[in-house]
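Report on one structure; see the data block that follows.
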Amino acid sequence: MVTASSVGRPKMADEVAASELPVATDTTKRRAPKAPELPIGERRNWLIHQHYIRKDYDTCKVIIKEQLQETNGMCEYAIYVQALILRLEGKIQQSLELFQSCAILNPSSADNIKQVARSLFLLGKHKAAIEFYHEAAKLNEKDWEISHNLGVCYFFIKDFKNAEEHLNLALQINKHDKTFMMLGKVHLLVGATDKAVEVYKRAVEFSPENTELLTTLGLLFLQLGKYQKAFEHLGNALTFDPNNYKAILAAGSMMQTHGDFDVAMNKYRVVACAVPESPPLWNNIGMCFFGKKKYVAAISCLKRAHYLSPFDWKVLYNLGLVHLTMQQYASAFHFLSAAINLNPRMGELYMLLAVALTNLEDAENATRAYEQAVTLDESNPLVNLNFAIFLYNHGDKKGALDQYQEMERKVNLLRDSSNNFEFDPELMDMAQKMGTALQVSDSLVWTKPGKDSKLKPNSATATKTPGAPLGTNQALGQAMSSAASYNKSIQLPTGISKGATMPFEPEPDVEKAPSPPTDPPGSPEPAVSDNPKIRTSKRKTKVEE
């Protein structure tokens with residue numbers, strides 16, 4: 001039974017408050033949602049990452065050790081970072097093993113496979129690295145880094161075709177400066193200089209403030225003889241980086257090429273402050289002193305360059321030239337022999353060695369050296385001229401005539417290849433005398449320059465009296481500009497600078513070796529006996545990377 005008091009009875013104020021109190025209490029007990037619990041294997045990954053990017057590797061390794069103990073070595077990220085730290089410490093093999101463990105824990109991760117390939121690359125196992133990079137490419141086809149590294153690996157195993165293909169693919173995916181640099185190197189190594197120039201031009205358009213690209217392109221134009229464009233790009237490089245020692249060294253070498261030795265030395269002083277132990281720097285300084293006829297200082301600088309880079313055949317080549325100029329033939333033989341051991345495919349080295357042997361009165365070995373020189377060299381007429389003079393002095397006129405005709409053939413090829421081609425006047429004069437001695441004057445390809453002809457700076461042309469006999473020491477030891485002579489047609493490797501050049505020393509007669517000159521180098525030739533002797537004249541450009 002329902003009573004009246006229980007139906008429709010109004011509630012008192014305190015009763016209403018009491019009935020609403022639980023609602024207010026529930027509101028005060030609400031809390032923010034709790035962060036999800038991380039798996040025990042990933043709990044400290046954030047802390048490992050923080051210490052790693054701060055380069056606090058010791059603390060990072062301690063946390064990694066604790067994390068691996070808690071997870072029984074199953075934490076992928078901890079193993080990955082530990083492998084990166086070991087690689088930074090130079091422990092490549094141990095890092096490789098850890099990256100392989102990461103790849104086992106997560107075989108679908110392209111990053112793990114890329115790191116395995118990277119470790120193999122650092123160990124010099126390029127073919128194995130290529131296999132892993134191809135596996136990573138299957139997981140991520142649009143990864144620029146994979147294509148670039150594949151190109152680098154193929155580059156190191158000298159598979160330039162595949163290297164070019166993958167580097168071009170990397171540029172299609174994403175353009176990077178170092179990919180342009182590597183692709184340019186590939187083109188240069190296969191002899192495609194024009195393609196290399198185009199690649200570097202594209203690179204400069206993409207990254208116009210990259211001083212390394214500007215300097216490389218400037219040096220490439222310098223190699224091709226396009227001095228205006230070379231100055232333009234080297235100047236741009238120095239505009240963005242006034243202390244870029246590579247560009248300064250290249251500019252100094254161009255000035256040195258044209259005989260401005262003092263200006264070049266001022267440039268080299270700036271470079272010496274930045275890289276005082278640079279072998280190319282001391283080599284070029286030495287050849288500046290050589291151009292100024294300060295031979296002792298030249299040898300001192302070249303010896304320093306040789307100390308800093310004992311396996312650089314170019315420095316040894318220059319040391320041989322300077323010692324030949326000073327008539328120190330035994331020392332010249334020593335340095336030229338060492339240069340040949342390092343670069344046995346250069347014919348001009350054998351020719352210089354033959355001259356040193358001739359002055360050491362070893363005609364048999366000198367003949368062998370000349371034969372090797374003419375076998376290796378295909379474009380330098382001076383090799384054949386020197387060999388012809390040597391054979392003439394030793395009574396083999398038929399062999400001398402054959403070499404002289406071969407020299408004429410090379411001269412014609414050089415003239416056909418360049419309309420503005422100029423030869424060393426001293427070389428031309430010696431060739432004319434040789435032609436007269438062989439009685440082939442009517443077929444000479446040389447035209448002796450007239451009195452008003454314009455010679456290059458620092459050309460060493462000796463004063464000659466009418467009817468003077470052959471074989472004197474008129475130009476021994478004179479410094480010449482490396483911009484002169486036939487070397488304009490010889491292509492140089494990327495990133496080179498030119499040194500000075502020098503004339504050749506005299507060849508001995510059939511019956512006796514020549515006596516040392518009594519006059520200083522470059523003095524007018526003295527009168528000699530009626531028995532003529534033909535001397536060789538040598539002008540060789542020294543290049544330096």
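Including glycine, each Cβ sits where the backbone N, Cα and C put it.
Marked as compositional bias 'Pro residues' by TrEMBL: 514-524.
The compositional bias 'Basic residues' annotation in TrEMBL covers 535-545.
The feature region 'Disordered' is assigned by TrEMBL to 448-474 (among others).
The region 'Disordered' annotation in TrEMBL covers 493-545 (among others).
The feature repeat 'TPR' is assigned by TrEMBL to 110-143 (among others). Note: the repeat 'TPR' (110-143) comprises 27 helix, 0 strand, 7 coil (DSSP; helix = H, G, I, strand = E, B).
The repeat 'TPR' annotation in TrEMBL covers 177-210 (among others). Taken residue by residue, the repeat 'TPR' (177-210) breaks down under DSSP into 27 helix, 0 strand, 7 coil.
Taken from TrEMBL, the feature repeat 'TPR' applies to 211-244 (among others).
Residues annotated as repeat 'TPR' in TrEMBL: 279-312 (among others).
As annotated by TrEMBL, repeat 'TPR' applies to 313-346 (among others). Per-residue pLDDT, averaged along the repeat 'TPR' (313-346), amounts to 93 for this model.
Feature annotation from TrEMBL assigns repeat 'TPR' to 347-380 (among others).
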Same-chain residues at least 6 beyond the ends of the repeat 'TPR' (177-210) whose Cβ lies under 8 Å from its Cβ atoms: 144, 148, 151-152, 155, 160, 163-164, 167-168, 170-171, 216-217, 220-221, 223-224, 233, 240, 491, 493-494
